[in-house]
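Reviewing the structure listed below.
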Amino acid sequence: MAAASVKCQGVWLLLWLCVRLTELRNARVSVDDDVLLPYAHGHGPSHSHRHVRDCQPVIHGNITHETWTSSNHSGLPEAESMQFVTNVPGSNRWVYGHITVVHDPQRTVSVLEPGGPGGCGMNQRSLVEETSKAAGCLYAQNAGFFNTKSGKCLGNVVSDGRMVQDSGGVQNAQFGIRRDGTLVFGYLSQDDVLDQSNPFVQLVSGVIWLLRNGEVYINESLEAECDKTQETGVFRTFVDVVSARTAVGHDAKGKLILFQIDGQTGSRGMSLWEVAEFLKKYGVINAINLDGGGSSTYVTDGSLSSYPSDHCESDSRWRCGRSVSTILCVHRRRCQPSNCSGNGDCVDGQCRCRQGWRGAGCDSLVCQPPACGPHGVCTASGCVCDAGWRGSSCSQECPPGFYGKGCNQTCACVNAGSCDPVYGRCTCPPGFHGNSCEQVCPLGLFGLTCAQRCRCKDQCPCDPHTGSCNVTLQGEANFTLYTAGHCLAKQMFTSWRREEEAHREQPHLTEVTWLIITLTLASLLIASLLVHLGRACRSSAPPHFLKRRDYSYVPLTDINGATSRSEDHAAKSRRGDFGLDDSDSQDELWSPSCSGKSQL
C-alpha cells in the first residue's frame, strides 16, 4: 500500500513539473499586440532608385547616400552603454532608453540573423536575448523589419560579409559597413548593394532617413519612401505617432551610436521627429530608423534591459519581449575576416599578420607590383623570380655557367659555349656543335652551327672555326682524317676491282681446254713439218720420168738467164718428131734436189 502511494506521488510530481515548464514557456511569448509597421501591404515604395535620386534636394547632386570613415580606437573598450530618462521637449512625456557608443564598429558590430546563420532563410523569428546570447554579444538591439505573419526578413541583409538577401532595389533607408570600415547611411541602388570592389560586410534596411549630414531629413524621406498606408495609419502617421523606437547613427568621430527607447504606440515614447532632434543634439551626423513598437528591444550580456510593450500570451498583466528578425550585435573585437585571411593571427580583435602580409585583414602582400619587375611575382616571402633571373627585384640574369629557377642549376656547355639562363640550352661558338658543344664541326663544314661548307681546292678540309683552307689538323681530327682516307681508299679500290671484274668478258673455254687445244695444234704442226721434210727428201732422188724424151725440161732459173738458150731450146722443139699435147705438158713433174740445184 505504501509503495502504491509513493508511485502516485511521483506521477503527480511529473505532471506538475510539465505544467510549470509549459507556463514558464508561455510566460515569455508575446501576443504581438503593439505592431508599428510603415506599410499596409508589402514593404517599401514601388518606385525606383532613379526616382529617389531625382527627387532629392539639388545640393546633394546624384549621391543618394552618405559615407563616413569609422573610428578604430582599439585601446578603448568595445562600447559604452548608458541608460537615460529624459523629458520630451514640448510635452509632459518622459522616456526611458539606452544609448550605446561603439568605438570600433568595423570589428565589434555585426548584423545577425534571427537564431543565427540561416534564420532569414527559414523565416525564423527569435528573441533578441536568445540570438545575442548565442553570439556572445555585449550589447544588442533589434534591427530590420519583418513580415509579422510569415516571419520573413525584409530588405537587404548582409551578415559578417555574407550576403543573406538583397531587396531587389527597394528604396528604404539603409545602414551598412563596407569592408574598408566605411559607414554608409541612406538610399542604395541594387548595384551599390552588390558592388564587389568594396563590398558590404554588414547591411540592414530601415525605414526613414532621420538625419543627413547633421540635419533632419524626414520630409525628404517621406517623399522618397512613401508608398501606401500601413497598419497604424498612413505613412505620415508612422512618422508622427509616439511609440517605442530603435535607431542607428554615427557621430563626427566615426563612432557608431545605437539608440533605443521604450514606449507604447500612441501613448508613450517618441515620434521620429523627436528621435531625430534628440540624436541631433547628441551630436549624431547620419542616422536611420529601425523597427520599433513592440519590436524595440535592448539586451545587455544576454539579459533583457528594456521594457517591452507587447503583452504576454499567458497573462496580459505582464509584458514580454517579441521574437524579431535581425539584430545589431556589439561583441568583443573580432578580426575581419575572423581567420585574418589565413595570413595572420587574431589577437584582441586585431590581425597580427605574418611576415610578408599587411592590412587590417592580412589580405595584402607587402610586396606589391611592380616591385619584382617583369621577371618576377610578388609573394609573402618577397619576389619569386622567373627562371633565369635573380636578385631582390628579379632584375639580374643568372651568372655565367648557371641557369633555371633560382639560378641553382649548372650549365653543361664546354668549348666556351654560352648557356641559356632560362632553359640551360648551349649556344656553341663557331666550329662546335652538339647539346653541350662537345663536338667539333665535321670535316668539310665550319662556322656557327657548322652550317657552312668549306670552299678549299680538291675538297680539302678547312679550319672548323674560320673556314680557312690553310690549316693543319691536329690530334683527333688528323687521326680521323687518316682513318677516313684509309677507309675511303680501301673502299675505292674494292669498288674499282668489282667494277673491272663486272666488265671483264667471261672466257668461253677453261684453261685445261685451252691446253689440250694448244697441244693438239702443236702435234699437228709437228706432223705437218715431218711430212714436208719427208717430201723434200724424196724429191732429191733422180726422177723416174727422165727416160722420156718427148718433152723438154728447163729450169726456172734459166728462163731469164740467156736468150740463146731459149732460142736453142725452141729450135730443138721444132725439130722434134712430134709435138707435145696439153695432157703431157700438165703431167710433167718438178722436184728440187736435196742440194737445191736443178737436174735434167
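The first residue you see is number 1, and the count goes up from there.
Using the three backbone atoms N, Cα and C, a Cβ is placed for every residue, glycine included.
TrEMBL lists 565-578 with the feature compositional bias 'Basic and acidic residues'.
Summarising the annotation, TrEMBL assigns disulfide bond to C428-C437. The number of other Cβ atoms within 10 Å of the Cβ belonging to C437 (disulfide bond), over all protein chains shown, comes to 21.
Cβ atoms under 8 Å from those of the domain 'EGF-like' (403-438) belong to residues 385-390, 397, 446-450, 463-466 of the same chain, restricted to positions at least 6 beyond its ends. According to TrEMBL, the feature domain 'EGF-like' maps to 403-438.
Under the heading region 'Disordered', TrEMBL lists 564-600.
Per TrEMBL, signal peptide is recorded for 1-24.
Annotation source TrEMBL lists transmembrane segment at 512-531.
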Checklist entry - Tell me, what is the mean pLDDT of the domain 'EGF-like' (403-438)? => result 90
Item to check | C-beta crowding around C428 (disulfide bond), within 10 angstroms | outcome: 23
